[in-house]
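Listed in TrEMBL:
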type	residues	note
TRANSMEM	B:26-47	transmembrane segment
TRANSMEM	B:86-115	transmembrane segment
DOMAIN	B:87-279	domain 'ABC transmembrane type-1'
TRANSMEM	B:122-146	transmembrane segment
TRANSMEM	B:161-181	transmembrane segment
TRANSMEM	B:202-227	transmembrane segment
TRANSMEM	B:261-279	transmembrane segment
Amino acid sequence: MTEVQQRYTPTRAADTATPSADRPRPARRRSRRRLGLGGLVTLLPLLLVFGYFGWWPIGQSVVLSVQQTNLVDPPAWVGVDNFRYLFTDPLLWTTLRNTAWFVVLALLFGFPVPVVLALFGSELQRLGGVFRVLVYLPVLVPPVVALLLWKWFYDPDFGLFNQVLGVAGLDPRPWLQSTATAMPSLVLATTWAHAGSTVLIYLAALAGVPSELYEAAEIDGASIWRRLWHVTMPHLRGVLLIMLLLQIIGTFQIFTEPFILTDGGPEDSTVTVLLLIYRYAFLNGDYGTAAALSVLLAVVLATLSAVYLRLTRKWSTT
Amino acid sequence: MSTEPARSVLSAADRRRPTVRWTLRVAQAGLLLAVAIAGAGPILWVAKGAISPTLELLQEPLRLWPTEPEWENLLLAWRELRVGRYLLNTVVLVGGSWFVQLLVATTGAFALSVLRPRYGRLVYAAVLATLFIPGTTSLVALYLTILDLPITGGSIANTPWAVWLPAGAQAFNVLIMKQFFDALPRELYEAAMVDGAGTWRLFWLIVMPMSGPIVAVVSLLAVMGAWKEFLWPMVAISDTEQQPLAVALPRLAESAEQNQVIAGMLIATIPPLVIFFVFQRHIVRGIGFTGLKG
């Protein structure tokens, strides 16, 4: 549809990356006219809302990160002191280790689950619709509700999971109460909550694999596994990488899970970056250090987002 | 959605082979059962928990149905825990966030795509730039902003505005809305303008009537997203009387009767489920459309 539009609307060229040189100029000039009063009014909500709550806070984060403020006295400029303090805080390094550990665990457990589910789900013929709804249900549960429920299930004495283990003749586990199992338990809950939407995206990607490729492979005598490996997987590569990146971007922003399930414990083993920002700002009242960490986080996330954008452009077929 | 491919990895011939057929059947039955338990199980458990005595939930969490269903529990949660009040707060916050997001996205995208002002591309680039910096990284600065607004001064903390207005700064909404408007035939606007239609008539009578699908997608994204919000409402609204259900529940869970808290959890889950089943087609299309995680 957009191709048709582009052909018939010369002004569309002004918006694309490569304006064609042979287009007549007048159309472009006309499209860049001044806004009338009505025009200004239509742009006003966007300018005000983004100005106050989008652009201003982003700039303000940078300013705050080199200031010391307690909301009462006028803020004092402190240069890089906030960053210096941040880097000497052992909790920062614990947090970064935790984040890396979360990424590794999510890669090992959280990442393959939706892939396997989607591969199986796409082979379901009549029950495909039921499968989609069932797999998407956890996504619909408000995160706070889901996490309170998981906390209940993880309870070492009365929890559902230890009861199930008991029925299976296994020893109960401490789940959230031990430094060894707290983070894996968190990853399990997160995977449950998010797998559904990822599965739907993979299913859409799987549906996009041309059937001729499967037929050709089959005629050439490729087994089911070889077809899966040599036809399906290459087609999913792009979307897999994108989801991986989105998962990493998401991991850096995890807050509600540790906040509700563990509050960062035991022994700070589940403190995440955002939880640390929250603690600095709203428990310690140290807005400067919180802003400094926010700025660092923003730099990391902007870099990852830029990579993500490049990838999605490259694999625009997904 | 009908993403059912003409065929998948397995062909009709494969499916006729006994080994393949039986392996597939067993694996799929197992998988469907697992997905049913993992997907629907917890929600059903909450439904059961909401009408079970707390003691029974603690002693026999695996029990399928309470010995004596306590239906009055839902009423108790509604009245004693004041879940009704918090739910109303949630509805107010979600409704306002939805309205602001739609207002900003439609008017903004209309100005940028249809009117194309002189600095339009600069504004659009500035909007898109915020896509690279997730809102969570401006949490602290945003909090200080709502405490003391720039230029105008004054605080909107502890009011619904603190949730409504920042919700509008969603670059993604503007992006998909503008892309949709860009794809509409420009001749229509030009013809309307030649006929003397002003900016508002162009917006209300030409562009909006054609934008049903995209308004539906943005609305669903906005409502489902706002219903899930936790961190920002918690920070922005400290007055417990005004907190949404999602923020109130963890606090209530610390002290209140547990089965009533579970009843509250059930009440918080029902609206998104209902919205999903009513608008299922749009939502699934929205996911395919945006490629974003819910």
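Each residue, glycine too, has its Cβ placed from N, Cα and C.
Taking every recorded stretch in B:26-47, B:86-115, B:161-181, B:202-227 and counting its Cβ pairs under 8 Å to the transmembrane segment (B:122-146), the highest total belongs to B:161-181. Tallying C-beta pairs under 8 angstroms between the transmembrane segment (B:26-47) and each of B:86-115, B:161-181, B:202-227, B:261-279 places B:261-279 first. Here the transmembrane segment (B:261-279) has Cβ contacts under 8 Å with residues 43, 46-47, 49-51, 57, 73-74, 76-78, 81, 83, 86-87, 90, 216, 220, 223-224, 227-228, 245-246, 248-249, 252-253 of the same chain, all six or more residues outside its ends.
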